[in-house]
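The block underneath contains the structure these notes are about, expressed in structure tokens.
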Amino acid sequence: MTTDVESNAFEETRQRRSGSWRVVLSLAYQSLGVVYGDLGTSPLYVYKSTFAEDIHHSESNEEIYGVLSFVFWTLTLVPLLKYVFIVLRADDDGEGGTFALYSLLCRHARVGFLPNGQRADEEISAYKKTDDAGAGGEASPSGLKAALERHQVLQKLLLLLALIGTCMVIGDGVLTPAISDVEVPIACLILICLFALQHYGTHRVGFLFAPIVIVWLLCISSIGVYNIFHWNPHVYQALSPYYMYKFLKKTQRAGWMSLGGILLCITGSEAMYADLGHFSQLSIKIAFTFVVYPSLILAYMGQAAYLSRHHTIANDYRIGFYVSVPEQIRWPVLVIAILAAVVGSQAIITGTFSIIKQCSALGCFPRVKIVHTSAKFHGQIYIPEINWILMILCLAVTIGFRDTKHMGNAAGLAVITVMLVTTCLMSLVIVLCWHKSIFVALSFILFFGTIEALYFSASVIKFLEGAWVPIALSFIFMLIMYVWHYGMLKKYEFDVQNKVSIDWLLSLSPSLGIVRVNGIGLIHTELVSGIPAIFSHFITNLPAFHQVLVFLCIKSIPVPHVQPEERFLVGRIGPREHRIYRCIVRYGYRDVHKDDLEFEKDLVFSVAEFIRSGTPGQNDHANEPDKVGEKMTVVGAGIRLRELNVDPDEAAGPSDSTEIQSAVKGCRKKVRFVLPASEQMNARVREELQELMEAREAGMAFILGHCYVRAKSGSGFIKRLAINVGYDFLRRNSRSPAYAVNIQHASTLEVGMVYYV
């Protein structure tokens, strides 16, 4: 069942993660162009935004030293200590972001809202790998886990927390590209070009943008070193945390409010984690620790050294970074800065694509088109709809909201909210996934939560000065996510409540006027057990179905990747002679969905392998039977499917394998099952495989439900608004379920049905 392409892709992904230094350094180089552009350009705005408050400088330089001290310790504690040394370790099999933390928690405590979860899903290797990773620590406190699993309010709160973090990342994705120091028409042109480049993929954009960021970091660090030695070699004294205390003591409320400007020094830090799936943990750590962090510290120290000797200039907050640049090179630096600011937008755009993909796979965002831009790295994706929506929103913010101070306030609030959410979820991961003591988790949340809460309070106070923008954007996106998730849950509940008994299906016979036609019929359903109401609706109007019937459920589970050999879960419905099967296809939220031909081939193979294996084996999940004893089996390797578009009378070449061939003459497509040479099977199995081959040659048809979801009579106004207006609008404007299967429309039959939920 595993294709060579997919096997190679998984192998290359494993090599990348463990990989050679050449691969790691190449990814570290690319990450400079994708991940660190936003963080690298923060010196353009920090001092300008900080001193925009009513802060004046004394001859003692306490204010300038205080700001530098805050910047140094904030950069050291949040991006370096928290993200590089702690949060990046909480990867979900190489994937990062808010929803990666949420999916980790869903696997270790049953807190997820995916309705069609099964115990069989917990047997796949991705689950076991996570358990092994957490082994060695203390057992997770059963009280915390039990409380999360028992109280649905806590589960909803956890989901809400994950959605808030996700929506704020998207809000940041709108605001960050809009912050620039150039005129509106030029800024708009640059934005259009930036978003037009996205379809080329992360690896190409990374190689294109990385030199710009490297030149920029070299530039600001060199200018920083020059300013330190030329203006104030003793500026290193400001690295003492004592100056933070003196700064707040002297400036009081104005100093506290200025923290919103200092916060901008860590904008883009969350991209290190959000973009983790595009690169590797080690490459991101190397790039930040050895290149980005030293460059930023030198740049901020150089600016402080210059301002400490130019108090008149420092008191004019309108003068930004460029005043500390030597006059001879000011124009070239300006050009590099504009290019670097454009690159800075790339980090959060890339992170937005990753997070939307995760949300969509886990049922919290409408289905969108996912384009995988790299054959080697599954995490590198492009989403056309989201790309153009982000571009339109960025242009709207750029044209209608030109005050960079206000946009800085807005971006600051978005960033610190994401960081607070990450801290909260991370503290749960420490206990439930890493199995550490609850005191370790409390220490983590108290230490980093206090720092971030301080910055959050300074940002939210500027609600009317721009901070309302990310809140408004996040509210809109959260409304979309919640309405979609609510509609999906209600639709699934209707399916469960109205499913048809298997006895009804087995009672269908020619005496009732039911005809079995040649071919394979695939009934697409969200159910993992029982017969969907859509099928009984279909039979009522068209009393015929195929000689081989497969109830197909394609679902996402909260892991990044499912190994190909674990993807298909197959079972039989009713007696063998009915030729009715159930096939559950499991994808991780980062998996590539195959094209239609490859998918059909793997599907037929999985059913054939199930038939060949005969009696249930060790991978069976007999503890999950359907109502009349249906058992699901994870099919493995052992049988191959060969499809030939040849003359059916043409003789087959010699082979050391056993082949089962169709007896049907005159068919252009020949299907053969190739078995190991030593394979022995009884006549009933051979007959069933023969019939499956003949059905495959006759063709495959997909029967899909086209559901119109409506709130039932008597529902409240909010529910009617959410279902009849919100969910219906999103359903009509999102990808249909057929896209998830990648099937050909010529072989699709849609059955319309109204769901009253």
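Just so it is clear, glycine is given a Cβ too, placed from its N, Cα and C backbone atoms.
Bear in mind that TrEMBL entries carry predicted annotations, made automatically and left uncurated.
Residues 15-16, 79, 176, 181, 202-203, 205-214, 216-217, 220, 264-269, 271-272, 275, 278-280, 282-284, 286-288, 291-292, 295-296, 299-300, 303, 320-321, 337, 340-348, 350 of the same chain, all 6+ positions outside the transmembrane segment (23-44), place their C-beta atoms under 8 angstroms from a C-beta of that stretch. The transmembrane segment annotation in TrEMBL covers 23-44 (among others).
Per TrEMBL, domain 'K+ potassium transporter integral membrane' is recorded for 27-506.
Marked as transmembrane segment by TrEMBL: 64-85 (among others).
Among the features that TrEMBL reports, transmembrane segment is placed at 157-176 (among others). Long-range Cβ contacts of the transmembrane segment (157-176) within its own chain (Cβ-Cβ under 8 Å, at least 6 residues beyond either end) map to 38, 97-99, 101-102, 105, 111, 113, 148, 267-268, 270, 274, 344-345, 347-349, 351-352, 355-356, 359, 364, 390, 393-394, 397, 407, 410-411, 414-415, 417-418, 421-422, 424-425, 428, 469-470, 473-475, 477-478, 481-482, 485.
Marked as transmembrane segment by TrEMBL: 207-229 (among others).
Per TrEMBL, transmembrane segment is recorded for 254-274 (among others).
The transmembrane segment annotation in TrEMBL covers 286-309 (among others).
If you look up TrEMBL, you'll see 329-356 (among others) marked as transmembrane segment.
According to TrEMBL, the feature transmembrane segment maps to 377-399 (among others).
Annotation source TrEMBL lists transmembrane segment at 411-432 (among others).
Under the heading transmembrane segment, TrEMBL lists 439-461 (among others).
Among the features that TrEMBL reports, transmembrane segment is placed at 467-484 (among others).
Taken from TrEMBL, the feature domain 'K+ potassium transporter C-terminal' applies to 519-755.
Remote same-chain residues near the transmembrane segment (286-309) are listed as 24-25, 28-29, 31-32, 35-36, 39-40, 42-43, 46-47, 57, 61, 64-65, 67-68, 71-72, 75, 79-80, 84, 214, 217-218, 220-221, 223-228, 230-233, 235-236, 238, 265, 272, 321, 323-324 (criterion: CB distance under 8 Å, separation of at least six residues from the stretch ends). Between the transmembrane segment (207-229) and the transmembrane segment (467-484), the number of CB pairs under 8 angstroms, six or more residues apart, is fewer than three, so the stretches are not in contact.
Two recorded stretches are said to be in contact when at least 3 C-beta pairs lie under 8 angstroms, sequence spacing 6 or more; the transmembrane segment (467-484) and the transmembrane segment (329-356) fall short of this definition.
Packing against the transmembrane segment (329-356) from elsewhere in the chain are residues 33-41, 44, 95-99, 166, 169-170, 172-173, 176-177, 179-182, 190-191, 194-195, 198, 202, 205, 209, 212-213, 215-216, 219, 223, 268, 270-271, 274-275, 277-278, 321-322, 365, 368, 379, 381-383, 386-387, 390: each is 6 or more residues past its ends and has a CB under 8 Å from a CB in it. Same-chain residues lying 6 or more positions outside the transmembrane segment (411-432) and placing a CB less than 8 Å from one of its CB atoms are 78, 82, 86-87, 90, 98, 101-102, 104-105, 108-109, 140-141, 144-145, 148, 158, 161-162, 164-165, 168-169, 171-172, 175-176, 179, 260-261, 263-264, 266-270, 273, 438, 440-442, 444-445, 448-449, 452-453, 455-456, 459-460, 462, 467, 470-471, 474. Long-range Cβ contacts of the transmembrane segment (439-461) within its own chain (Cβ-Cβ under 8 Å, at least 6 residues beyond either end) map to 74, 77-78, 82, 86, 256-260, 262-263, 409, 412-413, 416-417, 419-420, 423-424, 426-428, 430-431, 467. Averaged over the domain 'K+ potassium transporter C-terminal' (519-755), the predicted model reaches a pLDDT of 74.
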